[in-house]
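These come from TrEMBL:
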ACT_SITE  Cys99  active site, nucleophile
ACT_SITE  Tyr240  active site, proton donor/acceptor
BINDING   Trp132, Arg172, Phe173, Thr174, Val175, Glu190, Ser191  glutathione binding site
DOMAIN    217-346  domain 'GST C-terminal'
SITE      Tyr301  site 'Lowers pKa of active site Cys'
SITE      Tyr346  site 'Lowers pKa of active site Cys'
Amino acid sequence: MFKALPRIRQLSQHIVQLNFPARFPNLPSSGLSAPIFLSSTRTMATDTSSKITDWVNPADKSGEFKRQTSAFRNFISSEPGAEFPPEKGRYHLYVSYACPWAHRTLITRKLKGLEDFISFTSVHWHLGEKGWRFATADEQQPEHNVTSDPNHPEFTHLREIYFAEDPNYSARFTVPVLYDKKTKRIVSNESAEIIRMLYHEFDPLLPADHRAVDPYPPHLRSEIDSSNDWIYNDVNNGVYKSGFATTQEAYEKAVTQLFASLDRIEQHLTTDTKGPYFFGDAITEADIRLFTTIVRFDPVYVQHFKCNIRDIRSGYPAIHRWLRRLYWEVPAFRDTTNFEHIKKHYTKSHKQINPFGITPVGPVPDILPLEEEVRAVI
């Protein structure tokens with residue numbers, strides 16, 4: 001179904017001639033939020049050999065960014081006797097508006113009409129040496145749920161929730177976190193699994209119109225799973241592998257595969273799909289997972305992560321049209337997108353990429369109106 005367009009094949013051949021292989025080895029699909037490698041627990045922020053802001057293991061000479069595996073993999077289930085049953089008001093999401101992995105959960109929560117069932121808090125946009133932190137009193141935006149931790153008012157950082165669950169936790173403090181207020185436990189920090197919990201496990205409690213929303217319909221599951229695998233590796237994670245690479249070879253491998261897969265998506269949206277969305281007339285998980293990367297692409301990834309072979313608005317007309325339809329026509333996508341948090345987080349948290357923390361003004365606007373087209377640059 002999917003084929004690479006000639007222009008990216010030509011680019012790949014050029015890269016090969018520079019002795020940089022065009023293919024990146026397949027990695028297992030994951031839905032995790034923030035990256036990679038750490039060693040110690042409560043002292044990690046002061047360990048200069050492996051800080052929380054070290055996106056690539058300093059000892060890894062390949063220079064490749066490698067995402068960690070989620071540690072908490074419990075499930076909300078409507079099965080009798082389940083440890084975490086669906087209940088109104090029992091669960092809380094900790095997210096960052098900046099994070100594409102956490103963004104998935106906010107979109108799904110709104111698509112399924114779960115706003116009154118699952119509360120949420122967004123951390124502040126800045127990611128520092130102690131990880132994500134909650135907004136201070138003068139930084140809070142209650143209208144956007146950017147507040148202190150409502151479940152632990154004494155906590156200042158997300159890491160404290162992790163340590164309350166496991167005092168010996170030694171990995172990265174990622175978002176999203178799905179938290180059980182009743183048992184005071186972390187249910188999951190794996191976004192790919194959290195969104196699937198939200199698809200159906202609360203359905204017995206929902207009205208018919210929200211029960212009917214099914215981003216993972218049985219007849220499309222094999223196609224969705226297949227697209228998830230390569231889009232996760234090449235695009236969702238590919239922008240990070242490009243941006244955090246510490247060798248030229250690692251960067252070339254990642255960015256080439258990223259744009260080969262963007263061309264593959266462009267062709268699919270142009271010729272293969274029979275509706276406005278990735279798999280036709282209904283929004284599916286494929287749209288949710290891809291949107292959170294593409295909406296950040298022009299505002300951040302083009303310049304900050306050096307994903308600059310072309311941008312979305314001038315280089316990929318079908319992807320650009322798909323993106324704007326979701327953003328402007330579906331409130332679950334538009335209302336959960338916060339460009340201020342997105343741009344400030346990346347540009348002011350990644351000191352090794354942008355040491356002076358200067359946030360570029362453009363592109364202007366962050367996303368174009370639905371009716372405004374840009375002349376494609378081929």
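Cβ coordinates come from backbone N, Cα and C, glycine included.
Around the Cβ of Trp132 (glutathione binding site), the number of neighbouring Cβ atoms within 10 Å comes to 31. Comparing the Cα of Cys99 (active site, nucleophile) with the Cα of every entry in Arg172, Val175, Tyr240, these being the recorded positions, the smallest distance points to Val175.
There are 26 other Cβ atoms within 10 Å of the Cβ belonging to Glu190 (glutathione binding site). According to DSSP, the residue listed as 'active site, nucleophile' sits in a coil region rather than a helix or strand. Across the domain 'GST C-terminal' (217-346), the model assigns an average pLDDT of 98. If you measure from the Cα atom of Ser191 (glutathione binding site) to that of the residue listed as 'active site, proton donor/acceptor', you get 17 Å.
Reduced to three states, the DSSP call for Tyr346 (site 'Lowers pKa of active site Cys') is helix. Ranked by how many other Cβ atoms sit within 10 Å of their Cβ, the recorded positions Phe173, Tyr240 place Tyr240 at the bottom. Under DSSP, Trp132 (glutathione binding site) is assigned to a strand (E or B) in the three-state scheme. With a 10 A radius on its CB, Val175 (glutathione binding site) counts 26 other CB atoms from all the protein chains. It is 15 Å from the Cα atom of the residue listed as 'active site, proton donor/acceptor' to that of Thr174 (glutathione binding site). Its own atom aside, the Cβ of Cys99 (active site, nucleophile) has 27 Cβ atoms within 10 angstroms in the protein chains shown.
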